[in-house]
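If you scroll down you'll find the structure; I have some questions about it.
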Amino acid sequence: MAFAVTDELLGTFVPIAVYWLYSGLYIVLDGLGMDDYRLHPKGEEVKNIVSKWTVVRGVLVQQAFQIAVSLLLFTVLGDESGTVRKQPSTLVIALQFIIAMFVMDTWQYFMHRYMHINKFLYKHVHSKHHTLVVPYAFGALYNHPLEGLILDTIGGALSFLISGMSPRTGIFFFSFATIKTVDDHCGLWLPGNILHVFFSNNSAYHDIHHQLYGNKYNFSQPFFVMWDKILGTYMPYTLETRKGGGYEARPVKLSQAQQTKAD
């Protein structure tokens, strides 16, 4: 019996391949010398208290959980009749993308923020991700497995189910979400980055959150910043040129009222 490569299998494994390929692109760029575009000087990477090999292993563990849940979901929802599901119109697919983006952002904002509010969850779960004070591309999914399950895997499943997208559409949506997540953690501010044109949630915005002063702000991920702005956890910043090369995302001073609301 021939092994069929279904949309469900592609939707499970293609985003993982995209993660490592897109991260690999940033590794290549780093090797070419990106000091003029860094959000942190290279020497500041010593602030990260885990090795890059530890990060690679951690991400692979999370992706293993992601594969298991995804295959389980498609098995439960699978159509065994053998009929090919007709793809909807381009307009419907675009609408499904928007719905999925909103669902994912909403889920991740509130779960992410709660992991900062709950001291037990922050200490034993979410703090693992914040060991990367200076983010880099392939560390984007370096999380505790429980966090990966709650934020990414369950958030992705909800986005898929609520939007009503097909497995084939899911291949493209989750690949795009993966690219966006990696880009937000790349630690670079590259000129001409098209994602910065469409999204104000970007590498500089998320870098603020990874710093001690931004720990209670900029929870939104991976697409929009609406929930931060609506609920008072938005920390505005300016992008300044650093002496010696590169950039620095500097927070704009918040009013006392804004600080109290975030707390």
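Residue numbering: from 1, along the chain as shown.
Keep in mind that glycine also has a Cβ here, set from the backbone N, Cα and C atoms.
Nobody curates TrEMBL annotations by hand; they come from automatic prediction.
So TrEMBL has the following annotated:
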| type | residues | note |
| --- | --- | --- |
| TRANSMEM | 12-33 | transmembrane segment |
| TRANSMEM | 54-77 | transmembrane segment |
| TRANSMEM | 89-110 | transmembrane segment |
| DOMAIN | 97-233 | domain 'Fatty acid hydroxylase' |
Take every residue in the domain 'Fatty acid hydroxylase' (97-233), average their pLDDT values, and give the whole-number result.
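So the average pLDDT across the domain 'Fatty acid hydroxylase' (97-233) works out to 94.
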Reported in the order helix, strand, coil, what are the DSSP residue counts of the domain 'Fatty acid hydroxylase' (97-233)?
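Helix/strand/coil tally for the domain 'Fatty acid hydroxylase' (97-233): 95 helix, 1 strand, 41 coil.
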